[in-house]
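Among the features that Swiss-Prot reports, ATP binding site is placed at G63, M64, G65, K66, S67, G68. Under the heading substrate binding site, Swiss-Prot lists 82-83, H89, H95, 121-130, 155-157. Positions annotated as Zn(2+) binding site by Swiss-Prot: H89. The domain 'SIS' annotation in Swiss-Prot covers 48-191 and rests on sequence analysis. Annotation comment: Swiss-Prot describes 217-273 as domain 'CBS 1', evidence class sequence analysis. Summarising the annotation, Swiss-Prot assigns domain 'CBS 2' to 282-317 and lists sequence analysis as the type of evidence. Annotated site 'Catalytically relevant' per Swiss-Prot: K66, E118, E159, H200, in sequence order.
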Amino acid sequence: MSERHLPDDQSSTIDPYLITSVRQTLAEEGARLQNLSKQLDSGQYQRVLNLIMNCKGHVILSGMGKSGHVGRKMSATLASTGTPSFFIHPAEAFHGDLGMITPYDLLILISASGETDEILKLVPSLKNFGNRIIAITNNGNSTLAKNADAVLELHMANETCPNNLAPTTSTTLTMAIGDALAIAMIRQRKFMPNDFARYHPGGSLGRRLLTRVADVMQHDVPAVQLDASFKTVIQRITSGCQGMVMVEDAEGGLAGIITDGDLRRFMEKEDSLTSATAAQMMTREPLTLPEDTMIIEAEEKMQKDKCLNVIGDQQGK
C-alpha cells in the first residue's frame with residue numbers, strides 16, 4: 001500500500017478573495033431566507049399546517065439527491081418533536097417501499113425544479129392511494145406543483161453556486177421551511193421539554209430532563225458530629241473522596257455541611273485550628289432538595305445559589 005501524505009497547510013496560500021467569497025455566500029443565503037419570509041404565501045402555509053396537524057398517519061418526506069438528504073433531516077426533526085414521520089427514497093418506492101405508505105399518510109415531496117422524474121413517478125400511485133401531497137419547489141407552475149394539494153415555493157432567483165448548478169440556496173431554503181413547519185407544530189401541540197426528552201433519552205438533554213436527584217446522588221456520604229475536631233473533619237473528607245462531609249446534630253439530623261472550600265476559607269481566617277469544631281466550620285442550611293427533584297431543576301437551583309453540592313432529602317424538606 002502506497003504511503004499517503006497529508007497536505008501541508010503551509011504548502012499553498014489561500015487567495016484572500018476566497019474569504020470574501022465565504023462572507024458573500026453566507027450573506028446571500030441569509031438574504032434569500034429574509035426574502036422567503038417576506039414572500040411566503042400565508043394561505044398555502046396555513047393549508048400545509050392544517051394538513052400536518054390533522055394527519056392521522058405519518059408525514060412522509062421524499063426527494064432525490066440533495067433534496068433527499070434535506071428530506072431526511074426534515075423528517076427526523078418532525079419525528080423528534082411530536083409529529084410521526086419517516087423518509088422514503090423515491091427510487092426505492094417503486095421496488096416495494098410503496099407498501100410503507102397508507103391512505104392516512106401525508107406526503108411532502110421535494111424538488112426544486114418540480115420536474116424530478118423519480119418524484120413525478122410517485123404522484124399517480126399516491127393519488128390512487130388517496131394521499132394528500134405537499135410540494136416544496138421553486139417552480140409554482142411545475143408538474144409537481146400542479147398535482148399537489150398545497151405548494152410551498154422557495155422564491156429563489158438562482159443558486160448561490162457561481163455556476164448556478166450545485167444545490168446550495170435551494171437546500172438551505174428547504175431546510176429552513178422544514179424547521180419552520182416543525183417549530184409551528186411544536187407550538188400548536190404545546191410540545192414541552194419533558195415531551196422532547198421522551199424521544200431523546202440517550203442525549204444529555206434527555207438525561208437532564210428524565211433523571212432525578214435520587215438517580216445520581218451519592219450514598220454513604222461521610223458524616224461527623226457538631227463537636228468533631230478539625231483533624232477528624234479532614235480525615236473524614238479525605239477518606240470519603242467526595243470533597244465534603246455532612247454535619248449531624250445530636251438527633252442525627254442534618255445540621256450543615258463542610259466542603260473543601262469551607263475548610264480553606266476557615267483556615268485563612270483562623271489562626272488556631274486545634275480547638276476548632278465542625279460547628280464552627282460548617283455551612284448551615286445547605287441547599288437541600290427532595291430526592292424526586294429533576295436533575296435539570298437541581299442544576300438550575302445550584303447555579304442560582306452558586307453551590308457545588310446539594311443534599312437529597314427523602315422527606316422532601
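Backbone N, Cα and C define each Cβ position, glycine as well.
What you see is a predicted model, and the numbers here were worked out from it, not measured in a lab.
Overlay of Swiss-Prot feature records on the structure.
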residue : record                        : Cβ contacts under 8 Å, 6 or more apart
M64     : ATP binding site              : P90, A91, S111, T116, E118, I119
G65     : ATP binding site              : P167
K66     : ATP binding site              : P167, S170, T171
S67     : ATP binding site              : I110, S111, A112, T116, P167, S170, T171, T174
G68     : ATP binding site              : S62, F87, H89, P90, I110
L126    : substrate binding site        : I101, L107, I133
M156    : substrate binding site        : R32, L36, A112, N138, T169, S170, L173
E159    : site 'Catalytically relevant' : L165, A166, P167, T168, T169, S170
H200    : site 'Catalytically relevant' : S80, G206
Legend entry - Sorted by sequence, non-G63, M64, G65, K66, S67, G68 residues with Cβ within 8 Å of centre, ATP: H69, V70, G71, I110, S111, T116, P167
Legend entry - Secondary structure content of the domain 'SIS' (48-191), with strand meaning DSSP E or B: 66 helix, 23 strand, 55 coil
Legend entry - Candidate with sparsest Cβ neighbourhood (10 Å radius) among G63, V123, F129, the listed binding-site residues: F129
Legend entry - Shortest C-alpha distance to G63 (ATP binding site) - which of the binding-site residues H95, V123, F129: V123
Inset, instruction - List the helix, strand and coil residue totals of the domain 'CBS 2' (282-317) as derived from DSSP. - result: 11 helix, 9 strand, 16 coil
Inset, instruction - Using the structure shown, find which entry in H89, H95 (the binding-site residues) has the sparsest Cβ neighbourhood within 10 Å. - result: H95
Legend entry - Per DSSP, three-state class assigned to H200 (site 'Catalytically relevant'): coil
Legend entry - Counts of helix, strand and coil residues, the domain 'CBS 1' (217-273), according to DSSP: 21 helix, 15 strand, 21 coil
